[in-house]
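*Asks:* I am attaching a structure below and will ask some questions about it afterwards.
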Amino acid sequence: MATRVQHALEQLKTTGVRITPQRHAILNYLMESMGHPTADEIYRALEPQFPSMSVATVYNNLKMFLEAGMVRELTYGDNSSRFDANVTDHYHVICDQCGKIEDFSYPSLKSVELQAASSTGFEVHGHRLEVYGVCKSCRDQ
Ligand SMILES: [Zn+2]
Ligand SMILES: [Zn+2]
């Protein structure tokens with residue numbers, strides 16, 4: 001996992017972005033947690049390590065990672081964006097009880113996009129699929 005972060009940081013450097021310890025920590029947290037945290041969760045997790053860091057700093061860095069295509073933003077209409085360091089094609093399963101989001105892979109549903117385009121005349125840009133349920137740790141309680 002450390003090599004993935006290292007690789008991502010090397011990529012950033014080539015775009016002229018300065019690698020600060022905070023940047024490194026935020027990216028590392030995102031890649032290691034894989035739990036699709038909110039900016040606030042990242043902030044709270046890293047606060048002990050960087051007491052002078054603000055939530056705004058976390059937001060600004062996330063925005064920069066987004067622009068560099070290193071993370072994805074997931075919006076759920078309740079203005080708590082979540083961030084995903086897995087930028088490969090994958091789907092999400094969401095726990096109704098604790099809100100945890102986990103990745104799973106499934107062949108991309110391209111045929112759904114094609115059907116949507118042909119039956120509506122839309123120029124289709126993508127799709128989102130979410131599966132809901134109760135996660136293992138909630139069920140074990
Ligand atoms: Zn759960
Ligand atoms: Zn994901």
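Placement of Cβ uses the backbone N, Cα and C atoms for every residue, glycine included.
These figures come from a predicted structure and were not determined experimentally.
Not my notes, these are from TrEMBL:
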type: BINDING; residues: C95, C98, C135, C138; note: Zn(2+) binding site
type: BINDING; residues: H127; note: Fe cation binding site
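I'd like to know what surrounds each of these features in this structure.
*Replies:* Cβ-based neighbour count (10 Å, all protein chains) for C138 (Zn(2+) binding site) stands at 13.
Listed in sequence order, the residues of the same chain lying 6 or more apart from H127 (Fe cation binding site) and placing their CB within less than 8 Å of its CB are L109, V112, E113, A116.
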*Asks:* Just to confirm: which same-chain residues, 6+ apart in sequence, have a Cβ under 8 Å from the Cβ of C95 (Zn(2+) binding site)?
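*Replies:* Set apart from C95 (Zn(2+) binding site) by at least 6 residues yet with Cβ under 8 Å, we have I101, Y132, G133, V134, C135, C138.
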*Asks:* For ligand 1, pick out the binding-site residues C98, H127, C135, C138 that have a CB under 6 angstroms away from one of its atoms.
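*Replies:* Correct list: C98, C135, C138.
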